[in-house]
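One structure is given below, encoded as structure tokens.
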């Protein structure tokens, strides 16, 4: 079997684009949850019912309207190998829930992978749009347009008082989850991060560590997203996230500035030390790799390292995960073997 | 300290659960923790948003005047106790079936109970018009308060026009 498009490259095409504030904001994402009025939510749907949902929604993808937004490919989860599903999760194109627990699940992917439409996840339909850098409004515009295309064909579950009805009460109303993924090494180094993040949670936003378990952050990456979906309009939700993220960007910039004036030699030492380790190490676990990649990325942003780009660092963050490592080396790997292969792969990328 | 559940093994897990300001401390051993896995943050079974929600919903159920009769969604068959355990609705009709219980829940989760965002284009024409009428009525009141009667009259005509349109839809 030939490799599927999405499994060939660790970095989706959309990630290669440049966005505003891309030194700090890696990506912006909108996810919209929708359901059909006619069928029980996926949790309670029979196999027959979820099959009907899948057929009806994938039909929309093959109709003309969606193709105006680009070229799309539909994959049924049941037809993908375990490794392929894992790779999709590692690229954040589908959720672990869709990969492992869905019945008659499917994903519709756009060419450059900036749009991924999940079918029969927790809700019948989840539209996700990803943009590089700080472009949350642009992501919403696109997601809303795709939402309109589905709404023309599908009978949405909508209630005048409660809005769009979702399986989980935390999504009801707009059904929207807006998030930005931020790289905040200077706020972590200067130990301001906890204060800032706890302030963020006070204004109705949630913070998650990216790639880490639960709230632990790997590689100083944090995902900030809205919590409230009912009683605020999409524009309010996005504006709120936008202005908070904007303030965090300013704080991170100020912290970087301060590090450069107060302890530039220490930062340079830290950055180049990490560079040295990554370009020479023979065994590298994912936690250490994430931290050192973060150091190098900071070094690139501060102009301390030339020759590598932040795009290579983005690529490494995806590539170094278990699924992709096995995809690249074409064999199942034990955790020990993964650490050796990871070190090998990183060395190759850096030299 | 001995485990407060079995009273036999030493307690190795200590955590505090705060629900609506009510604080409870737990000191339990590994094996009891496994049994109660779901309620403990950081345990292998995890502490998901759904179990957190079911905590909120349970609180509702055990409060004073708890409903004895079991509510059930006619369409998908999900009962209210099942909903509160799973933290998820079974179908879009559940929202109607459990309507009487939802305001407090949404209030707690979102701080709000009524949707103000996007409305579906195809089925939402009437709602859009109704919303516009509500907005104009509010504006009308302010205009009258400020004694801007000319502007108020214009608003009144616009509202009448929209009302006729809403009836026609």
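Placed from the backbone N, Cα and C atoms, the Cβ positions cover glycine too.
According to TrEMBL, the protein has these features:
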{"type": "DOMAIN", "residues": "A:24-255", "note": "domain 'Phosphagen kinase C-terminal'"}
{"type": "BINDING", "residues": "A:27-31, A:92, A:126, A:177-181, A:208-213", "note": "ATP binding site"}
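Shown on the structure are the features that TrEMBL records.
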residue	record	CB count, 10 Å
A:27	ATP binding site	26
A:30	ATP binding site	27
A:126	ATP binding site	26
A:179	ATP binding site	24
A:208	ATP binding site	17
Review point. Which whole-number mean pLDDT does the model give the domain 'Phosphagen kinase C-terminal' (A:24-255)?
Key: 92
